[in-house]
Amino acid sequence: MKEKKKFHYAWVVLIVCCMINFAGLGTIFNTSGIFFPSVTKELGIGTGDMSLYMTFLCLAMFVASPLVAKLLSKIDVRITLSVAFVVALSAIAVMSLYTEIWQWYLSGIVIGFAGAFIFYIPIPVIVQNWFHKKTGMALGIIGAFTGIGGAIMNPVIASFIDSFGWRTAYVITAIIIGVIVLPFTIFVLRFKPEDKGYKPYGYAETLEDQETFKKENEKGVPVKVAITSLAFFCVIIIASFSGLISGLNQLLTSYGDTVGLTTTAAATLVSASMISNLLTKFLFGAASDKFGVKMTLIVSVLLIAFGFSLFFISHGTYATVFTASLLYGIHASVIIVGLPLITKELFGKKHFVEIFSYVTMGQALVKSFGFAVFGYMYDLSNSYEPAFTLGIIICVLMAVLTVGAFRSRRKMEIVMKKEIGESMQ
């Protein structure tokens, strides 16, 4: 193994993961809606029907998640991610030829299946392979690039649509994403430090610390025990709830319109959420490293609940709804940084990939319906107050479930010891 005092390849891997998030969640996922108005207007497709594209995408990602867990460590990650990106980008480019709504659904399925190998599962695994220390900080930095990707590429793609039309814009977008990410995934990325002759960042130098490091790597709850535990049930519900409330992000502009904001002012509510999306991932990761993921997650979801409360009392006051949107934007940190960290904390590293794939499935499944749930709530009540009420309830429940997950960890450890004892008899 190489002894590196001044430089560690882990930081190169971190940059690669930033580019993957920029291109994947940041652009492929977060810019999908920018095409909808132009497509629906030209082809006479309903906005609701067009939005089902995202539902099919998330459902396909849900179905493919277990396959990711099985293949990620068996096939060279450079091949896995590069092929996944090529498949997803091809499905984007071919949308330039579509004339019927079912064709978008088909692309959604293809992108969702390929996206399972890109969006949520691989990066936490790669980061935990490379970083023994500062894992939370690394995930926070990488996670921020989902917001950066969306913030940069949404206006860029919008300008392509205005200049060349939506059909050409689909092709240009696919090419740009490929140019940004494929050189990194093909030539630079490595799955684990050993692939480059390194030890993980933060690897201890003393013999005693090396033994501790070895034990931590080998420590982990068996998948069978984990997925039947109360702690896992709590984490799955937390993941599902976080996916559900993320659906409100697409409705902030519409909410601003209902409380009398100008179109420009209403649009800045999404910008506020994106700013929070970017900044709080850094803070969530750093706070988790210092105070632990349990406390960080509880404080985060309670701040989101406070944001929902501010929407109630805002009476259309711009400063209040802007602040509420900032607080709401913390939800992205819970999904991108919080879920992998709490999974690792409760169940260990040994079987992290398999266990986290199930957590991702729960988040993806509920997220696929989140957009529609809150939209229909508004349609039925002609108000966003029921949606905000549900948001507050969900956030409080997430805090309670976080406490419950950590308290039930002791029972899970007892089950493990019992099974080990029986296997030795």
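In case you wondered, yes, glycine gets a Cβ from its N, Cα and C as well.
The annotation domain 'Major facilitator superfamily (MFS) profile' is assigned in TrEMBL to 10-410.
Sequence annotations record features per position, and here TrEMBL assigns transmembrane segment to 7-30 (among others). If you look at the transmembrane segment (7-30), the same-chain residues 6 or more away from its ends with a CB under 8 A from one of its CBs are 57, 81, 85, 88-89, 92, 111, 115, 118-120, 122-123, 126-127, 130-131, 138, 141-143, 145-150, 152-154, 173, 177, 180-181, 184-185, 188-190, 193, 196, 198, 200-201, 336.
The feature transmembrane segment is assigned by TrEMBL to 50-72 (among others). Only residues 6 or more beyond the boundaries of the transmembrane segment (50-72), in the same chain, are considered here, and those with a CB under 8 A from a CB of the stretch are 29, 32-33, 36, 39-40, 80, 101, 104-105, 107-113, 115-117, 119-122, 125, 191, 353-354, 356-358, 360-361, 364-365, 367-369, 371-372.
Among the features that TrEMBL reports, transmembrane segment is placed at 79-98 (among others).
Within the chain, the transmembrane segment (104-127) has long-range Cβ neighbours (under 8 A, six or more residues past its boundaries) at 13-14, 17, 20-21, 24-25, 28-29, 39, 50, 52-65, 67-69, 71-72, 77, 80-81, 84-85, 87-88, 91-92, 94-95, 98, 135, 138-139, 142, 189, 191, 336, 340, 344, 352-353, 356-357, 360, 363-364. Per TrEMBL, transmembrane segment is recorded for 104-127 (among others).
Long-range neighbours of the transmembrane segment (139-161) within the same chain, counting only residues 6 or more positions beyond its ends whose Cβ lies under 8 Å from a Cβ of the stretch, are 14, 17-19, 21-27, 29-31, 34-35, 38, 123-124, 127, 168-169, 172-173, 271, 274-275, 277-279, 281-286, 332-333, 336-337, 340-341. Taken from TrEMBL, the feature transmembrane segment applies to 139-161 (among others).
Positions annotated as transmembrane segment by TrEMBL: 167-189 (among others).
Here TrEMBL flags 225-246 (among others) as transmembrane segment.
Residues 144, 146-148, 150-151, 249, 252, 314-316, 318, 321-322, 325-330, 332-333, 383-384 of the same chain lie 6+ residues outside the transmembrane segment (258-279) yet bring a C-beta within less than 8 angstroms of a C-beta in it. Taken from TrEMBL, the feature transmembrane segment applies to 258-279 (among others).
Per TrEMBL, transmembrane segment is recorded for 291-313 (among others).
Taken from TrEMBL, the feature transmembrane segment applies to 319-343 (among others). Below 8 angstroms of C-beta separation, residues 25, 120, 124, 128, 135-136, 139-140, 143, 146-147, 235, 238-239, 242-243, 245-246, 248-249, 252, 255-256, 259, 261, 268-270, 272-277, 280-281, 283-285, 288, 293-294, 296-297, 300-301, 303-304, 306-308, 310-311, 313, 352, 355-356, 359-360, 363, 398, 402, 405 of the same chain, each at least six residues beyond the ends of the transmembrane segment (319-343), sit close to that stretch.
The transmembrane segment annotation in TrEMBL covers 355-376 (among others).
Sequence annotations record features per position, and here TrEMBL assigns transmembrane segment to 388-406 (among others).
Between the transmembrane segment (291-313) and the transmembrane segment (167-189) there are fewer than 3 Cβ pairs closer than 8 Å, counting only residues 6 or more apart in sequence, so the two stretches are not in contact. By the Cβ criterion (under 8 Å, sequence separation of 6 or more), the transmembrane segment (388-406) is in contact with the transmembrane segment (225-246), since 3+ such pairs are found. Per-residue pLDDT, averaged over the domain 'Major facilitator superfamily (MFS) profile' (10-410), rounds to 89.
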